[in-house]
Amino acid sequence: MSMLAPLRLVREPWNASEGNQSNATAGAGGAWCQGLDIPNELFLTLGLVSLVENLLVVAAILKNRNLHSPTYYFICCLAVSDMLVSVSNLAKTLFMLLMEHGVLVIRASIVRHMDNVIDMLICSSVVSSLSFLGVIAVDRYITIFYALRYHSIMTLQRAVVTMASVWLASTVSSTVLITYYRNNAILLCLIGFFLFMLVLMLVLYIHMFALACHHVRSISSQQKQPTIYRTSSLKGAVTLTILLGVFFICWGPFFFHLILIVTCPTNPFCTCFFSYFNLFLILIICNSVVDPLIYAFRSQELRRTLREVVLCSW
């Protein structure tokens, strides 16, 4: 996966010479600095699983008119973003395998153009995926705190504008990232975007969890059943931990990698961290696999429609 143009910088900082990197890496920690050799088959397998999962989500939402609402449209867009992550990963891996085995022989200029197209798709899907995770969090927040006004706040027109804005911004940002990938300011913007989404989700989901605990506590005190409060609080805490934990675990290492690229590109310990770049890509692809389980498959209506889709009862 090292052909990624903007992520080529991410993997091997342009302002650190190859010699400095290898020497620093060798002196920093020995064997554990050699990185992790991840087979292409794992990239292909995870990409295929994610592609199938997210295709099913999109098909189910399109099929069932009961799911034609802003909330499910946002989930559908997240599935499309994750699907693009999978497709770009599959294309990249297959492209590399065919070239490595001599099956595909292409001029270097064409390879660069194809590489840039795939890179743009990857960057756009990463930005849009992060964006729709934030949009879904905001949508859930409005659903809980402004339930009576939800349909007047989140109209179909506003939902369409939101989705179009995210896709447009993702396309523009990916183009800028591909063009100016050697500029640290671009990486800082990407890091800032991730931190903003992380803080946004933390604040919104914790506030929602606090409100849920308050409601359950008041109900249990009226019914004099503290067990209800403890059970519901535990379930809410588990859900919150899963939501934020998956987001942080899957995306955190990659963006921490970006932070190190900007702050210490030649530091021996940083170069050790850089050697695990493929692992961070695997975690991002894993996020595309897990997203449908968290945001889509928990809906009973969507699960029922998925069964119909799988059984081809259109």
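Yeah, the Cβs are placed from backbone N, Cα and C, and that goes for glycine too.
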Open item on the list: Please check, using only what Swiss-Prot records about topology, whether CYS33 lies on the same side of the membrane as LEU211.
Closed with: no
Same-chain residues at least 6 beyond the ends of the topological domain 'Cytoplasmic' (139-161) with CB under 8 Å of its CB atoms are 70-71, 73-74, 204-205, 207-208, 211-212
With the greatest number of Cβ pairs under 8 Å to the transmembrane segment (36-61), the stretch among 71-91, 117-138, 277-297 is 71-91
Answer key: the stretch among 117-138, 162-181, 238-263, 277-297 with most Cβ pairs under 8 A to the transmembrane segment (190-209) is 238-263
Helix, strand and coil residue totals from DSSP for the topological domain 'Cytoplasmic' (139-161) stand at 20 helix, 0 strand, 3 coil
DSSP puts the residues of the topological domain 'Extracellular' (182-189) at 6 helix, 0 strand, 2 coil
